[in-house]
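Asks: Below you'll find the structure I mean.
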Amino acid sequence: MQKLKLHGFNNLTKSLSFCIYDICYAKTADDRDGYITYIDEQYNANRLTEILSETCSMIGANILNIARQDYEPQGASVTILVSEEPVDPGSIDTSEHPGPLPESVVAHLDKSHICVHTYPESHPEGGLCTFRADIEVSTCGVISPLKALNYLIHQLESDIVTMDYRVRGFTRDINGVKHYIDHEINSIQNFMSKDMKALYHMMDVNVYQENIFHTKIMLKDFDLKHYLFNARPDDLSAEERKAITDLLYKEMQEIYYGRNLPVL
């Protein structure tokens, strides 16, 4: 897409939001409590602040304010307001390709924010535990928040991720013509690295005429040892391993497709 010559500031708002899920099996009530405690410490407000601050540093954004909070009995939230320095729009790469990992990258944001909220949960029946992190990166300017997608998913390795990207509003060029998007995009998948795509099943639901893009991903490979908390597969009988595997797989399928499946 040819770069636009704008009249004034780029008024398009670009928002990327995604839910990251981690699934676990904890057999006893003590194990479930232990998982919640572990995940709450692993993703507390301080750790999340470090991740989001590194995101800002990686893309060259200036942090204006940080608000963070840990909650009782569990969960945390962090919101960072950021702004940009003057930048030449001609130097900004808006092509459709995977975003960077933490390397030498320059980008700028204005009137923008990055926020994350965490939701650990478990149920007393069945032994299933889930951890959900909701992340939103919203920018107003020439930069797409999709550039941060690749890094954030690498930082928060998870079983299932649902992503939504939307461009809102319009901006005018020097001739007064309104533009409702300023970069080419066919799929969020095109902003993900090859190694990440190799790990996940992927599905798109896009509404191109509304500039709304939705992608779901779920890990391809299932290894039971990665889903047991405070236990090993060798500690379980073959029947127990199969029952737990079926339970976890059903849970992941339901979250991925967003609907409850019948009990077989």
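Here the Cβ of each residue, glycine as well, is placed from N, Cα and C on the backbone.
Straight from Swiss-Prot, here's the annotation block:
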- Ser112: active site, schiff-base intermediate with substrate (ACT_SITE)
- His117: active site, proton acceptor (ACT_SITE)
- Cys140: active site, proton donor (ACT_SITE)
- Ser112: pyruvic acid (Ser) (MOD_RES)
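I'm curious about the neighbourhood of these features; can you describe it?
Replies: Residue environment of Ser112 (active site, schiff-base intermediate with substrate) contains 24 other Cβ atoms, counted within 10 Å of its Cβ in all protein chains.
His117 (active site, proton acceptor) falls within a strand segment according to DSSP.
Cys140 (active site, proton donor) falls within a strand when secondary structure is assigned with DSSP. Note on Cys140 (active site, proton donor): other Cβ atoms within 10 Å of its Cβ, all shown chains, come to 21.
According to DSSP, Ser112 (active site, schiff-base intermediate with substrate) sits within a strand segment.
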Asks: Roughly how many angstrom lie between the C-alpha atoms of Ser112 (active site, schiff-base intermediate with substrate) and Cys140 (active site, proton donor)?
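Replies: The separation of the Cα atoms works out to 6 Å.
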Asks: What is the separation, in Å, between the Cα atoms of His117 (active site, proton acceptor) and Cys140 (active site, proton donor)?
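Replies: Answer for this pair: 21 Å between alpha carbons.
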